[in-house]
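What TrEMBL says about this protein:
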TRANSMEM  20-44  transmembrane segment
DOMAIN    38-284  domain 'G-protein coupled receptors family 1 profile'
TRANSMEM  56-75  transmembrane segment
TRANSMEM  95-117  transmembrane segment
TRANSMEM  138-161  transmembrane segment
TRANSMEM  202-222  transmembrane segment
TRANSMEM  234-255  transmembrane segment
TRANSMEM  267-286  transmembrane segment
Amino acid sequence: MNHSVVTEFVFLGLTNLWEIQLPLFVFSFLFYSASMMGNFIIVFTVTFDDNLHSPMYFLLANLSIIDMVFCSITAPKMICDIFKRHKAISFWGCITQIFFSHAVGGTEMVLLITMAFDRYVAICKPLHYLTIMSPRMCLFFLITSWIIGFIHSAVQLVFVIDLPFCGPNILDSFYCDLPRLLRLACTDTHGLEFMVNINSGLISVGSFVLLVISYIFILFTVWKHSSSGSAKALSTLSAHITVVVLFFGPLMFFYTWPSPTSHLDKYLAIFDAVLTPFLNPVIYTLRNKEMKVSMKRVHSWLANYRKIS
Ligand SMILES: *[C@@H]1O[C@H](CO)[C@@H](O)[C@H](O)[C@H]1NC(C)=O
């Protein structure tokens, strides 16, 4: 039997004040466009420049694809909704948003761990790098991250789609997230909320701890054998660590903060929606000489191609 009478949910959005909506619109629109463009340039450069055909850059290009998908799940709707009075989303639209944000977010976490492992092998076992990170192994890691992400997401949603929703249907947010949605169900969801916090909390805190430990380990190794290559290794590592802290900071706050959602997390969510996907290309390319040189090469190659044709 289907008890549901709620067919759509209504977002309160971030604010009703026109003076804040306008800058918010400009800010989100600019950062969303910049994220899409920056990540696309990385994928394009890595694909077309043979000098960047190494495991690290393949993983980076894959991270860029994930970032483009991730910020397209919530940001476009949020941007279109900013000036609307009635910001609605259908029941299945809401479920879809939750499913993909958890699946793609989970995939990104596992991929970040793979990238840390890649750096560990490159720095601590340089002689075996190409045998350990073989194309086959990279593909295996990649497929594994997608599978883990989708399982993580499906496991929690299986229980949510059967819940009865009989109103109210107001979500104090600009996208669908599980903790808020569960509180709207007209049945006791304490067990389910606990499961979601364990599931999402475990995958985010677990990945974060694993990443921090592996980076400390790598930094320690670099420091012990400090040689000419260590400056370059340090700059790559600090880029990775910055991305990790920015990505996990807000997420861990959502899923492990004990008190029910404050207003702060609504604003923090913008970080993960548009800012982190934008920062990845900035951090990885501005700090990476090889990438910058390669972009120039691809750019001039394109210019020549246009001249010839
Ligand atoms: C993603 O990673 C796989 C495995 O290393 C690689 O074959 C593929 O080319 C990568 N994708 C991009 C866009 O670089």
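Along the chain as shown, residues are numbered 1 onward.
Glycine too: its Cβ is placed from the backbone N, Cα and C atoms.
What you see is a predicted model, and the numbers here were worked out from it, not measured in a lab.
The transmembrane segment (95-117) makes contact with the transmembrane segment (234-255), as judged by at least three Cβ pairs under 8 Å among residues 6 or more apart in sequence. Taking every listed stretch (20-44, 56-75, 138-161, 234-255, 267-286) in turn, the largest tally of C-beta pairs under 8 A with the transmembrane segment (202-222) is reached by 234-255. If one looks beyond the transmembrane segment (234-255) by at least 6 residues along the same chain, the residues whose Cβ comes under 8 Å of a Cβ in the stretch are 105, 108-109, 112, 115-116, 119, 177, 179, 196-197, 200-201, 204-205, 207-208, 211-212, 215, 218-219, 222, 261, 265, 268-269, 271-272, 275-276, 279-280, 283-284, 287-288.
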